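Peer 1: Could you have a look at this structure, given as structure tokens, before my questions?
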Amino acid sequence: MTTPALLPLSGRRLPPLALGAAAFPHHRATLRLSEKFILLLILSAFITLCFGAFFFLPDSSKHKRFDLGLEDVLIPHVDTSKGGKNLGGFLIHGQGHDEHRHREEEERLRNKIRADHEKALEEAKEKLKKSRDEIKAEIQTEKNKVVQELKKKDSKPLPPVPLPNLIGINSGEPADPDVREKRNKIKEMMKHAWDNYRQYGWGHNELKPIARKGHSTNIFGNSQMGATIVDALDTLYIMGLHDEFREGQEWIDKNLDFSVNSEVSVFEVNIRFIGGLLAAYYLSGQEVFKIKAVQLAGKLLPAFNTPTGIPWAMVNLKSGVGRNWGWASAGSSILAEFGTLHMEFVHLSYLTGDPVYYNKVMHIRKLLQKMDRPNGLYPNYLNPRTGRWGQHHTSVGGLGDSFYEYLLKAWLMSDKMDTEARKMYDDAIEAIEKHLIRKSNGGLTFIGEWKNGHLERKMGHLTCFAGGMFALGADGSRDDKAGHYLQLGAEIAHTCHESYDRTTLKLGPEAFKFDGGVEAVAVRQNEKYYILRPEVIETYWYMWRFTHDPKYRQWGWEATQAIDKYCRVSGGFSGVKDVYSSSPTYDDVQQSFFLAETLKYLYLLFSNDDLLPLDNWVFNTEAHPLPVLHLANTTLSGNPAYR
Ligand code: DMJ
């Protein structure tokens, strides 16, 4: 029976508009809602009429009706000890005063019920006079009110914390006119990518530059979360594209909503959205970015509800239900995913004063520290239910890469106080050097992958980021091997440059081999694509900052020209399917990381070093710069918000 839900027994009618808006906050529900709403009104009116009729029935009939359960509402306590008895819900004390008082009470309640229901009937009649559009508009207004209320609740000011030292947010304009010209060209490419996304893909996650429409993949779930806007913000800011930055900010302020029924990748949302929002906040000082980052982080937290605390790969932002990728070994979570949260989560704790984020990532670290590692290597798969490794596959490219990167960067970001992270990084790199790094017959240093007990002599484009990582970690390395690691970085940069140089388009393939006479060349057709990835350029930039060897700028410029020549289309930039073909076909995707990383690293490569100096900023794995936190130690006790 639906009556009790529609018509609470207290006699107060639930305002149906508010009920609808609160229960169905989504646009698609609006149409269905208005139909339901009219039905509810009719039912409500009908029931009210029944109630009206009821009061004209003889008393005995009424008592039977109230047996249906209304007694608790009328007189909740039945005290039979005083000789009274509960007759059909009305407390009958038998005689005299009590009986009289009771009748009065009964009469008062009846009048109240009658008045309430007459009012409800009037309201229902009024509503039914309105057109469908008017009712829809009312529902919308109520819905907006609820959304505004929720926004207000979510936008509560965060505790003030001292901002870290934000050094080097400047133009970084190079004096050399040739370098300046190159830098301007890169800025123009950014504008081309942004303007087309603005025109054809606005609000969608990414752009299809040939079809000229929005694009998305399952990492962002099924909703339009404006991934390109969030990912591109800090690049726009650094390049001085302030109008574009403001447009992005406005969209985020008005439209970026995380209460969506959408299953997203925890890792991708963290590095692109939380990282992007935090960087935009630190660069511009605009509170909205910090608030959005914190709101979103709250939506990711349920992913950590696993028996081990190792988060699921995906989480539904609305329900909080998590799960892992179907393709991952034995239901495992991925090392590069759950191991790439630390930087952003430490900043979240710093900015909110809430240790919850910090505790989550430290728990992961502690768990990993306790585990046995085959040959000192971290396998890529870990089961979040059992806490056991899945398949013994180790990679410094896809599935493993940014875990190692974040160990080093956790140490750097803590102003080198987090020595535990540095030790884990040093141990891991030693094992990687011993088991995965080799020189090819032609003298190219490469990083292979460990698969089921043997080394696969193949390196991914993704792995090329490691050149920059080795250079970044050189200072402070164990046994003072700084020179060695800088050299290793240079060798990886050289190998990756070769992988570009040995193609027709001078763009790097997704993966390349060092086997059977093949050196730095893709063999399989499905590894010949270039999807606007940044890793090789990222390594050029780090190498440039540490060595100022002009070849890195030269290599960066070669890549810029190749991208502009082969990936640029009138609707933006697209990946290409075969870098060895002289007439490439496009994949028709402008990846958000092209704006976040590839173009940013290129721009920085042709800027002065005092723009975001590496002593003060640490770039997350999506190239979003986060400031070093000069905290007393890794427990964040230096943060006044904690005390
Ligand atoms: C980016 O989203 C990040 O750099 C990530 O760590 C790995 N790959 C892509 C770009 O290639």
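Including glycine, each Cβ sits where the backbone N, Cα and C put it.
In case it's useful when we look at the structure, here is the feature table from TrEMBL:
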| type | residues | note |
| --- | --- | --- |
| ACT_SITE | Glu268 | active site, proton donor |
| ACT_SITE | Asp401 | active site |
| ACT_SITE | Glu510 | active site, proton donor |
| ACT_SITE | Glu535 | active site |
| BINDING | Thr621 | Ca(2+) binding site |
| DISULFID | Cys464-Cys496 | disulfide bond |
| REGION | 149-178 | region 'Disordered' |
| TRANSMEM | 37-57 | transmembrane segment |
Peer 1: From Glu268, Cys464, Thr621, which recorded positions have a C-beta atom under 6 Å away from some atom of ligand 1?
Peer 2: Thr621
Peer 1: Would you mind reading off the Cα separation of Cys496 (disulfide bond) from Glu535 (active site), to the nearest angstrom?
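Peer 2: Rounded to the nearest whole number, the Cα-Cα distance is 9 Å.
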Peer 1: Does Glu535 (active site) have same-chain partners at least 6 apart in sequence with Cβ under 8 Å from its own Cβ, and which are they?
Peer 2: His461, Leu462, Thr463, Cys464, Phe465, Cys496
Peer 1: Going by DSSP, is Glu510 (active site, proton donor) part of a helix, a strand, or coil?
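Peer 2: Its secondary structure by DSSP: coil.
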Peer 1: In whole Å, how far is Glu268 (active site, proton donor) from the residue listed as 'Ca(2+) binding site' when you measure between their Cα atoms?
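Peer 2: Given the Cα positions, the residue listed as 'Ca(2+) binding site' is 10 Å from Glu268 (active site, proton donor).
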Peer 1: Report, in whole Å, the straight Cα-to-Cα distance of Glu510 (active site, proton donor) from Glu268 (active site, proton donor).
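Peer 2: If we compare the Cα positions of Glu268 (active site, proton donor) and Glu510 (active site, proton donor), the gap is 19 Å.
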Peer 1: Which secondary structure state does DSSP assign to Glu535 (active site), in the simple three-class scheme?
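Peer 2: Note: Glu535 (active site) is helical by DSSP.
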Peer 1: Between Glu510 (active site, proton donor) and Asp401 (active site), how far is it from one CA atom to the other, in Å?
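Peer 2: If we compare the Cα positions of Glu510 (active site, proton donor) and Asp401 (active site), the gap is 15 Å.
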Peer 1: Starting from each candidate's C-beta and looking 10 angstroms out, tell me which of the active-site residues Glu268, Asp401, Glu510 has the most other C-beta atoms.
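Peer 2: The residue with the densest Cβ neighbourhood is Asp401.
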Peer 1: Just how many other Cβ atoms lie inside 10 Å of the Cβ on Cys496 (disulfide bond)?
Peer 2: 29
Peer 1: Quick one: give me the count of other CB atoms within 10 A of the CB of Thr621 (Ca(2+) binding site).
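Peer 2: That number is 24.
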